[in-house]
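Working notes for the structure below.
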Amino acid sequence: MTEAALERPDGPQSPARPAKPPPSPLLIGGVLGAVAVTGVAGWAIDFTLTPVIEQWSTLTMILEEVVHPEWAEITDPASRLWTALMETAAIAVIATFVGSLIALGVALLGSKVSAPPGVYRVTKSLMSVIRSLPDMAYALVFVAVVTGPLPGILALTIFNVGIVAKLTAESIDAVDHGPLEALDAAGATRWQRARVAIVPQVLPSYASYVLYVFELNIRASVVLGAVGAGGVGQLIMLYFNRADYPRLAAVVIVIFAAVIAIDLLSQALRRRLV
Amino acid sequence: MTPATATRPKPPPKWPYTVAGLALVGVVLAAGWSLEDARWERLPQFPGAIWQYAAQMVDGVLTWPGAHPDGQADPDLTYGDWWLQALKLMGESVALAWIGTCVGALVSFPLAFLAASNTAPWFVRMPVRTFFNAIRAVPEILLAVIVMLPLFGLNPMAGAMAIGIHSIGSLGKLTLESIEAIDPGPVEAVVASGATWWQRIRTAVIPQLLPETVGFWLYRFEVNIRASAILGVVSAGGIGALLSRVLRGREWEWGGIMLVVIIFVTILVDQISAALRHRILHGADATAVAA
């Protein structure tokens, strides 16, 4: 096809091709801002990737050890690993149960659908303060009172209340108002409205949030152990400090398998719920 | 009287819920029982102790920054120095989270195209998806302890890389899901005009995808700021290392100052990021004039 064939006689059907709009100043500003922030952040933490090349032998050595774990740690049901893992599971179960129960109440106080305006504003800002502290900080404070699994349970419970209450409150904000109006017309109290019209509507999504935090808890309890709040994290720090890589590798493999198994299980359950 | 008014429908049976509820309580009690060294009898001590610690933390926060704290080795040390140090380390945490997010975003974005069902064949998709799932299953702290600390030493780069690698998994999954959810119309249009795979991605997929993806990146940045505080505990940079040392040493006044800085900076970054995400996803408000 030649150029001439593509050209069409002038007329109203052949307007000039519209020009591409120039990028908006906001976009340019945003990109420049992101680049600037990245530059400053990289400078602040001395960004470098040279160790990846220089320490390549360290990396291969680590990988070598990870693929040759201490199998006895995994196969022996009486090993420290399984004891710690059971402890982690128990901590996660208790924290999820208690945290989710409290969270349902807090969520009802934290939505404008179910609580008076003053109450819901105060609850909301309180929750955002509680959420902004890492679970680690709670664990560190609680460990000062008593060591062992108890501070871990309490720290995770608070963490769970924060997440489940926020998500559930958002679901409550979005409930169908029909049943609520019907109850209001019949003169229901706040408690009756919550029990009859709100909770049944949000129950499926609430249940799926609970499963979601249960997944998070397994991961988080690994972290909490690192500050002495019990469970498998404590074991990881022990083996790390002893540089016992084969045992550490065994722990990592089991945690990896457990997290994937629980993910799959809770995904299947959640698919049924929602 | 018609039969319709006589038979009110029966509510569904409640016993399955009762059984499930009791089973759940049983599991929780069994879990509590299995924790032999949980020392439940110490539970009542918590409110009193926490109240006392909190009071000291508030004291520390409310003290004039020029004052000198008691019992410190350095007599010139002021509360202001504590504030400055907390801010500096929190800045390092934020920087580390940002770099980690950048690493996650830059690596996950191209990989997501190799993992979505509408842009990649199954034999490419499967390994990439497995890779995403695998790295998501390893908590950041494990990555830091096992790979990054030996590699980078006890410094913020180790934390940034641990966060970055972990973010690849979650960002990759979110991005691939939104690639699969795009409108197929524009893609069909470009395919009909004979576009190559690359042209299809560039002109029909990426423009649809970009706002949502940038939103995910910002969201991940918020998550990573929280994660970076934790990584400090294993000395992978940021405010966590000092926080853990100070709280373990029961220096509650200083600890209170650090916690206030963490809360303040986290909420501030969340607010900025939420505003940016809203602007990116929903465009300018009706009041703002489009440029």
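Heads up, the Cβ atoms here are built off N, Cα and C, so glycines get one too.
Quantities reported herein were computed from a predicted structural model and do not represent experimental measurements.
As annotated by TrEMBL, compositional bias 'Basic and acidic residues' applies to A:1-10.
Residues or ranges marked as domain 'ABC transmembrane type-1' by TrEMBL: A:85-266.
Residues or ranges marked as region 'Disordered' in TrEMBL: A:1-23.
What TrEMBL records for A:26-45 (among others) is transmembrane segment.
Taken from TrEMBL, the feature transmembrane segment applies to A:89-115 (among others). Within the chain carrying the transmembrane segment (A:89-115), a Cβ under 8 angstroms from the stretch's Cβ atoms is held by residues 123-124, 127, 149, 152-153, 156-161, 163-166, 168-173, 175, 177, 180, 190, 193-194, 198-199, 202, 206, 209-210, 213-214, 217-218, 221, 224, 230-231, all 6 or more beyond its ends.
Feature annotation from TrEMBL assigns transmembrane segment to A:136-159 (among others). Within its own chain, the transmembrane segment (A:136-159) is flanked in space by residues 87, 90-92, 94-96, 98-99, 102, 130, 213, 216-217, 220-221, 223-225, 227-231, which lie at least six positions past its ends and keep a Cβ under 8 Å from the stretch.
What TrEMBL records for A:218-241 (among others) is transmembrane segment.
Positions annotated as transmembrane segment by TrEMBL: A:248-269 (among others).
Counting residues 6+ beyond its ends, the transmembrane segment (A:248-269) has Cβ neighbours under 8 Å at 65-71, 73-74, 81, 85, 211-212, 214-215, 218-219, 222, 232, 235-236, 239-240 in the same chain.
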